[in-house]
Every structure is written in structure tokens, then in C-alpha cells.
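Note sheet for the following structure.
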Amino acid sequence: MTFIDPPEEELQLTSEEDPRKWPTWKRIWISVGPLLGVFSLTSGNSIYVAAVPLVNAEFQVGSTLGMLPITLYTLGLALGPIISSSTSEVYGRRPVYVLSLLGAMAFNAVGGSASNFRTLAVARLLAGITGGPMIPVVAGTLNDLWDTPSEQIGTRLMGLFACSIAWGSEIGPVMGQPIIEVSGNWRWTFWLSIILLGVSCVVWLNPETFGPELLRQKCRRLGKPPPPRGSLKDNLKIALGRPLHMMIVEPVIVPTSFISAISLSIVFFFYVAYPFIFESIYSFTPHQVALSFLSLLIGSALGLVIMIFINKRLHKKAEMLARTRRLTMKPEEHLYHTMLGGILLPLSLFWFVSS
């Protein structure tokens, strides 16, 4: 007689181990560190704006070349997420946070210690590449912790994540100029970035939140074979190929991506335009020019309020109507705030250039 062992039941996370079932205070605490890290990384880009005149004078470079480190840092922030979107799906969120913050601090230290402009420019590029992977992983962490469609706190934290990307870029010059005026040294913009990134290292105390990685850890504790990891190579192919595929098969992706690119490029354009316009035409001091960047912060905060209002009055109404009629809500229902922005943005630019 042959006895066949029953198939081993597939191991699952218990409710206590599921990140979405953790206490609310714990999930909020875990969410704060990544948001602070995003703010530190994005402010590290624009904080350099205040250092440009002193960098130009010390290294004898022109104003155009002096702005190159801002472009390189931005390029690095764009390239970094290609790596992280694959890595975090294979090894979890925590390794990305640790390596990203370490790399960003290290290359900021190199930039702050640079003895020539080439070293400074390359260090800024590498700081962006190593720091950039953290930004999209924050969205993944928030999704691990919260059911954003149904949990209001999670929805607000996701909105705060989107705002922290913009607010960091807008507050950077306001932080950079005073510290340069006090120290008289452009290198302090790098030291300040390192301090902010160091505070963000509180995220290292957070537990892992990625479900498959938590399951692998549980299997190891119980002495069972863990489920296989996904292939980093395959995930990297998906990370590179999926956006291109979506741009081809989804007609709405190209115009919305174009709008986002134009909007962000206008913000970076102001990094150059504000000092030139307000100093040469309106005789602002460097400190006053830095404070003028707060107008972008106020505008984005008002935009957030308008977006929340539109979401409650129009989007939620359309969602309930579609649910009542058992229909699928049209994608266009998500674009009301984009329509409003499409009208107000060119009008505001015409107002800006004609004033």
C-alpha cells in the first residue's frame, strides 16, 4: 500500500502580518520617512540654484554652463526609477531605500568637496541617478500600506507624496539662499542636502512592506522553501518596455505625458528666469529672488485644493452614477482638473511675460 502525502497548503500572510492590517498609527509612521526622503531629494535639485553665481565665479564658467548641474541632477532623477521599479519588485522596498539614500549622500559629499567643475557636474548626475530610485518606490510603499480608494488617510498620503515632489523643488531655493548668505560658501547647499537626506534615513528603521518579500521572510523563519524571486532581468525588460508599449496602444498616454513634461519644464525654466528677471528688471536682492519661488509653492497648494474640490464634486459624482447604472466610468472623468490647468497655464504665462 502506498501512502501519498497531502499537498502542502500554500503559505499566506496572516492578518497581523499584512501591512494593510497594521495599526493606523504604525502605517502613518512608516509613511512619513519615505515622504521626507522624496522632499529631500527633490529639494536637492533646486537648492543648487542659489549656488550658481558663486560656482560660476570660483570655477570660471559661464552662466549657461553653471546651470548644467541642475539639468544633470534632473536627468539622474529620471533615469534612477528605471532601476528601482525592477529592483523593488524582486528584493523589496527596504534595500532600495538604503542604497538610494546612501548613494545620494555620498555623491552630494563628492559634489560639495569638488575642486573643479567637471567633478561637481558628474557628482550631481550620480547623486540624481542613485537618489532617483527612491521616489517611485514611495508610491509602492503607500500602496502596500493603504487601500487608497477606500481609506481616506491613504488617499491623503498619496496626494501628499505627489505634492512633496513639487514642493521640494519649489522650496529648495528658499532654503539655499539664506544658508549661502550666512556661510558665504556655495558648498553649504550640498551639506544642507546631506543633512536632510540623513534625517530621511529614519526610513531605514521601517519594516519591509512588500507582500512577496514578507512571505519569503516568513518561509525562512518557518524553515520552508521560499517562493522564487522574479528575474531582475525580466523585470527590467518590463520596466523599459511597458511604458513604450502603453504609449503605442493607449492614445491618452502620449498627450497626458506631453502635458506633464511641459508643466515640469516650465518649473525648471523658472529656475533660470526668476533670477534674471527679478534681479535685472526689478532690482531684487538674491534673498528676495529666493522668496519669489514661494509663489510656485502657493500656486501648487491652491492647485491641490482645487483638485480636491473637483474630485469631490465631479469625479465622485460620476463614479457613483456609473456604479448606479452598472457602467464603467469614462476615463475622461479623471481629466477635469487637467482641462482647467490647460486653460490657466498658458494664460498665466502670458500674464507673466507681459507684466
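FYI, residue positions are counted from 1 along the chain as it appears here.
From the backbone N, Cα and C atoms, a Cβ is placed for every residue, glycine too.
Listed in TrEMBL:
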- 30-355: domain 'Major facilitator superfamily (MFS) profile' (DOMAIN)
- 28-51: transmembrane segment (TRANSMEM)
- 63-84: transmembrane segment (TRANSMEM)
- 96-115: transmembrane segment (TRANSMEM)
- 121-145: transmembrane segment (TRANSMEM)
- 188-206: transmembrane segment (TRANSMEM)
- 252-277: transmembrane segment (TRANSMEM)
- 289-310: transmembrane segment (TRANSMEM)
- 335-353: transmembrane segment (TRANSMEM)
Between the transmembrane segment (252-277) and the transmembrane segment (121-145), are there three or more C-beta pairs closer than 8 Å, counting only pairs 6 or more apart along the chain?
no
Among the recorded stretches 28-51, 63-84, 121-145, 289-310, which has the greatest number of Cβ pairs closer than 8 Å to the transmembrane segment (188-206)?
28-51
If you count every Cβ pair below 8 Å, which range out of 28-51, 121-145, 335-353 shares the most with the transmembrane segment (96-115)?
121-145
Across the domain 'Major facilitator superfamily (MFS) profile' (30-355), what does the mean pLDDT come to, as a whole number?
86
Is it the case that the transmembrane segment (28-51) and the transmembrane segment (121-145) touch, counting contact as three or more CB pairs under 8 Å in which the residues of each pair are 6 or more positions apart?
yes
Top stretch among 121-145, 289-310, 335-353 for CB pairs under 8 A with the transmembrane segment (63-84)?
121-145
